[in-house]
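Heads up: the structure comes next, in structure tokens.
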Amino acid sequence: MSQSVSGNSESHRTTLADYKAALTAPGSRGAVVASLLARLPIAMIGISALLYVQRETGSFASAGLVSAGSLVGVSVGAVVQGRLIDRFGPTRPLLTTTVLFALAMTALVFAIEAHAPTLVLVPLAFGTGITEPMVGSASRALWTRLLPAGPTRNAAFSYEAISMEVFFILGPGFAGLLIAAPWAGTGIVTGSLTMIAGAVLFALSPTVRAWGPAPSSGGKLLGALASPGMRTLALAALGFGAVIGFVEVAVPAAATEAGNTSIGGLLLSAWSVSSVAFGVAYSLRPWPRQMGLRLPVLLAGFGALVALLALPGSLWGLALAMLAAGALITPQSTTHSAAIEIAAPKGTAAEAFGWVLTAVTLGLAFGQSISGYLVEHAGTDAAFLAAGAVGFALAAVVWLLRGTFRPKPSAPAVETPELVGAAR
């Protein structure tokens with residue numbers, strides 16, 4: 001199976017000039033702005049839903065299960081939407097799913113307000129997840145059409161990851177503040193409306209509409225995941241998501257135990273601050289150079305730093321430890337995007353990003369559901385230690401499979417910048 005980039009680009013080093021070139025590329029401006037609006041509330045919706053359900057049910061275990069249901073839905077929707085986007089272009093799939101998402105989210109909010117049992121809330125949450133418009137996958141895949149392979153495209157991928165971390169700084173903070181509003185559902189509704197507006201604007205932007213239908217890339221059941229390198233990447237993304245999932249439940253629980261529930265979202269924002277700062281520096285000189293080593297090394301380091309969250313005895317100490325752990329978030333996100341360039345078969349860019357998102361969200365769902373149980377039965381420290389153990393275990397598996405990342409020097413890029421002329 002053909003790979004996507006040549007081996008001489010594996011370091012994926014960029015400069016600040018590459019960021020400017022990417023963001024000022026012809027046809028990029030409208031799509032970039034709309035994508036920002038659509039992706040801004042991603043973290044806000046998740047944390048708002050978690051806190052909203054916990055407020056109404058009084059149980060972090062129930063809240064974790066509902067959140068996990070949504071994430072499982074996202075994991076399914078990411079791949080399905082990715083294939084549809086590769087096949088038909090983004091506009092029709094995104095507009096359709098946006099309408100369905102609005103209906104599903106309305107049903108979930110009414111069910112929460114009616115104090116429906118967890119068995120009802122979980123499938124409704126799954127519905128919101130599977131219909132969530134995958135603007136992030138489409139946006140990343142769009143860069144493979146706007147920009148040629150090389151440092152500028154790598155800078156665009158890094159920008160996508162760094163901007164997401166900015167949203168993960170703002171999102172939990174907004175969620176923590178809005179949960180204190182007179183109505184606990186304020187955060188989830190505000191975030192959903194913002195996502196809907198951004199998705200519609202992105203789908204209707206000229207550059208995105210110029211991305212028309214394309215011939216099927218082969219019709220295989222596994223699609224992009226048929227590549228051995230993509231399967232290894234999916235395992236790394238699964239571990240990344242699982243570690244974060246444990247933390248996203250354990251940190252708000254630690255804040256609640258300390259008698260300050262509203263600070264939980266702000267604590268989650270803390271590690272996104274260091275993630276952004278270190279992510280920019282890391283993109284200038286990524287390490288290790290070989291992708292097969294970079295994936296397991298970053299995941300193992302992340303697991304180790306998260307395990308250390310069990311040590312602090314105060315919220316201030318936890319915040320400092322979160323800053324340290326966050327340093328390896330954006331480097332992993334940018335590495336996942338760069339790895340797709342190596343591993344994804346030609347013509348499967350959106351689906352490949354969908355598989356990575358699927359793996360991350362399945363990891364999040366696993367981590368959140370197990371963490372909710374551990375928090376209620378063994379305490380937050382047990383959840384942090386379990387997160388570290390899961391990260392180490394999957395990093396070991398990825399290390400054993402490192403040989404699957406051996407790009408062929410003669411292979412073509414994933415896509416060509418065919419939309420530049422159409423977008424002018």
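Heads up, the Cβ atoms here are built off N, Cα and C, so glycines get one too.
Taken straight from TrEMBL:
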{"type": "DOMAIN", "residues": "27-406", "note": "domain 'Major facilitator superfamily (MFS) profile'"}
{"type": "TRANSMEM", "residues": "30-53", "note": "transmembrane segment"}
{"type": "TRANSMEM", "residues": "59-80", "note": "transmembrane segment"}
{"type": "TRANSMEM", "residues": "92-112", "note": "transmembrane segment"}
{"type": "TRANSMEM", "residues": "118-143", "note": "transmembrane segment"}
{"type": "TRANSMEM", "residues": "164-185", "note": "transmembrane segment"}
{"type": "TRANSMEM", "residues": "191-212", "note": "transmembrane segment"}
{"type": "TRANSMEM", "residues": "233-255", "note": "transmembrane segment"}
{"type": "TRANSMEM", "residues": "261-284", "note": "transmembrane segment"}
{"type": "TRANSMEM", "residues": "291-309", "note": "transmembrane segment"}
{"type": "TRANSMEM", "residues": "352-370", "note": "transmembrane segment"}
{"type": "TRANSMEM", "residues": "382-401", "note": "transmembrane segment"}
In the same chain, which residue numbers or ranges, 6 or more beyond the ends of the transmembrane segment (291-309), come under 8 angstroms Cβ to Cβ? 10, 232-233, 236, 239-240, 243, 246-247, 250-251, 318, 321-322, 324-325, 327-329, 331-332, 335, 338-339, 342, 384-385, 387-392, 394-396, 398-399, 402-406
Do any residues of this chain, six or more beyond the ends of the transmembrane segment (261-284), have a C-beta under 8 angstroms from a C-beta of it, and if so which? 12-16, 43, 47, 51, 154-155, 158, 161-162, 165-166, 168-177, 179-180, 247-248, 251-255, 315, 318-319, 322-331, 333-334
State the residues, same chain only, that lie 6 or more residues beyond the ends of the transmembrane segment (352-370) and have a CB under 8 A from a CB inside it; answer 'none' if no residue qualifies. 50, 64-65, 67-69, 71-72, 74-76, 78-83, 129, 134, 136-137, 140-141, 223-225, 230, 233-249, 336-337, 340, 343-344, 383, 386-387, 390, 414
Spatial neighbours of the transmembrane segment (92-112) not adjacent in sequence (6+ beyond its ends, CB under 8 Å) are 52-53, 56, 77, 81, 84-85, 120-121, 124-125, 127-128, 131-135, 138, 185, 188-189, 192, 195-196, 199-200, 202-204
Top partner of the transmembrane segment (191-212) among 30-53, 59-80, 118-143 - counted as Cβ pairs under 8 Å: 30-53
Long-range CB partners for the transmembrane segment (30-53) (under 8 A, at least six residues beyond its ends), listed in sequence order, are 23, 62-64, 66-67, 70-71, 112, 121, 125, 133, 135-136, 139, 142, 163-164, 167-168, 170-172, 174-176, 178-179, 184-185, 187-188, 190-192, 194-195, 197-199, 201-202, 205-208, 248-249, 252, 261, 264-265, 268, 368
Can you check how the pLDDT averages out over the domain 'Major facilitator superfamily (MFS) profile' (27-406)? 89
